[in-house]
Amino acid sequence: MVSEKIADRTPPVGKNNEYIVNVTGLNHDGEGVGRVDGFTLFIQGALLGEKVRIKVLKVKKQYGYAKLLEVLEPSPDRTEAACPIYKQCGGCQVQHLSYDAQLAWKHRMVVDNLERIGKLKVRMDGAGSGSAIGLGETDEGVDGVSEGLSSGISGGRSYEMTGPEVIVHPTLGMDQPWRYRNKAQVPMGESEAGLVGGFYAKGSHRIVDMDVCLIQHDRNDEVVRRVKQISREIDISAYNEETRQGLLRHVVVKFGFRTGEVMVVLVTNGERIPKAEILIRRIREEIEGVRSICQNINRQHTNVIFGEETRVLWGQDVIYDMIGDVRFAISARSFYQVNPVQTKVLYDKAVEYAGLTGSETVIDAYCGIGTISLFLARHAGKVYGVEVVPEAIEDARRNAELNGIANVEFAAGKAEEVIPRWKELGIDPDIIVVDPPRKGCDPLLLDTILAMSPKRVVYVSCNPSTLARDLRILEDGGYRTVEVQPVDMFPHTVHVECVIGIQRIDT
Ligand code: SAH
């Protein structure tokens, strides 16, 4: 096998050496893929089709990383990154790729996963199909890069395709792919000049001050700027990870795009905030739309942002926002999609693929605060939602009430444990919707779906590789993947979200 040969031999490149390479692919981290004597190098900032000069940074057994020194022949899809701190920050990975090319690349990335991992026969619909903008070579065949899936070195594409074709539509992008985020979570630190807040300098824990983030709503930027300014003026200290001294760890801001409501959460390393009254008064006076100021206490030595305890310092414990005509209460710690404009697009597709007529029984697994459940309830007989975080289920119930939606029922627990119990109780869904985290559906849940045998399954996925793995299981169990709609929820990053319509074969 080729893999053994590669593993046995000494890498033909040396650290700090410079090379000129042709970039033959773009991997799922947005890195260019190039080869020196057959040895794979990943190059941040390089694009497919480019000729580049690089310097090797790190060499592993089967692959390495290189720094882009110079683009000798640029791709026609290359564009100037709009953000001045793009390279230092690392929060966005593909700003140097034009937006249209980003959408086409995400389209191809979904197709590639469905073919390679899901072994599905795919038809690319519309723009992007056959386009020059593609993946080229990916990191297939490089161990440990395919996100925990055991594909390892899978040796090309000689597998057999099964079933009829799956249609993969072009990625639905944004008209204005900037300033789309409704939530900011900004780490605070101390510099010689005092309190700073922004982002961790790549590969370190040093915080670089930042006032403008082009993917955040400007209100979030403004709130963070103000809170930093006020904190400096009244001498609130920032947390230091090494000494574990100092108070303010993160400033978290949530903004309701439709309502204009703002929540400010101060994550602190301790209970007492000196001059708290002044801080609260000034935030209320100086920031438009503030409805809630909360404190979350996190004394742990950890990267996790939130601690267990949240207090309301002033105002409500939630802010409200709307998606379509459904209203949602959002608390400090509950999960709410970060791009509300595209969330509407995503949920509308989920409802469309569910194909409801008004009488169906639907299960919404991984329901969070009940967003998709409530969207579906309008068109269904009854919706059952399940979610592992108990507070989210409390929010979901509150949201149902807020909207006067009575045909929903929510349960807290693991989908793979609760849904088999529902089956025992005789609940017989016509449609099951799943929206799992990145690791995909639990195998037990997939077994239960097959045993319950709903007419349709709608899969909302934030990770095409685990999606493809799960689709293979559903296909082998008697379902057919009909169509896939990628939706760009996170412009300028490598993330891609999809909605998938899946049908029982005999229907
Ligand atoms: N559908 C929601 C949330 C999707 S995020 C929305 O669009 O807003 C995925 C959710 O799955 C998270 O809320 C997470 O807490 C939940 N989750 C993770 N593992 C789970 C499990 N085993 N069972 C049920 N829910 C789970």
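Note that the numbers count up from 1, one per residue, in the order the chain is shown.
Backbone N, Cα and C define each Cβ position, glycine as well.
TrEMBL entries are annotated by machine, without manual review.
The feature domain 'TRAM' is assigned by TrEMBL to 10-70.
Counted within 10 Å of its Cβ, the other Cβ atoms near GLU387 (S-adenosyl-L-methionine binding site) come to 27, all protein chains included. Look at TrEMBL and you will find GLN337, TYR366, GLU387, ASP435 tagged as S-adenosyl-L-methionine binding site.
The annotation active site is assigned in TrEMBL to CYS462. CYS462 (active site) has a Cβ environment of 17 other Cβ atoms inside 10 Å.
Residues or ranges marked as active site, nucleophile by TrEMBL: CYS462.
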(request) Go ahead and report the DSSP secondary structure tallies for the domain 'TRAM' (10-70): helix first, then strand, then coil. (result) 0 helix, 38 strand, 23 coil
(request) Return the residues near ASP435 (S-adenosyl-L-methionine binding site), defined as same-chain residues 6+ apart in sequence whose C-beta is under 8 angstroms from its C-beta, sorted by sequence, else 'none'. (result) ASP364, ALA365, TYR366, CYS367, GLY368, ILE372, TYR459, VAL460, SER461
(message) Using a 10 Å radius around its CB, how many other CB atoms surround TYR366 (S-adenosyl-L-methionine binding site)?
(response) 21
(request) Any same-chain residues 6+ apart from GLN337 (S-adenosyl-L-methionine binding site) with CB under 8 Å of its CB? Would you list them in sequence order, or say none? (result) THR343, LEU346, THR371, MET489
(message) Return only the integer: C-alpha distance in Å from CYS462 (active site) to GLU387 (S-adenosyl-L-methionine binding site).
(response) 17
(request) Within the same chain, and leaving aside GLN337, TYR366, GLU387, ASP435, name every residue whose CB is within 8 angstroms of the centroid of the CB atoms belonging to the recorded S-adenosyl-L-methionine site, in sequence order. (result) PHE335, ASP364, CYS367, GLY368, THR371, ILE372, PRO436, VAL460
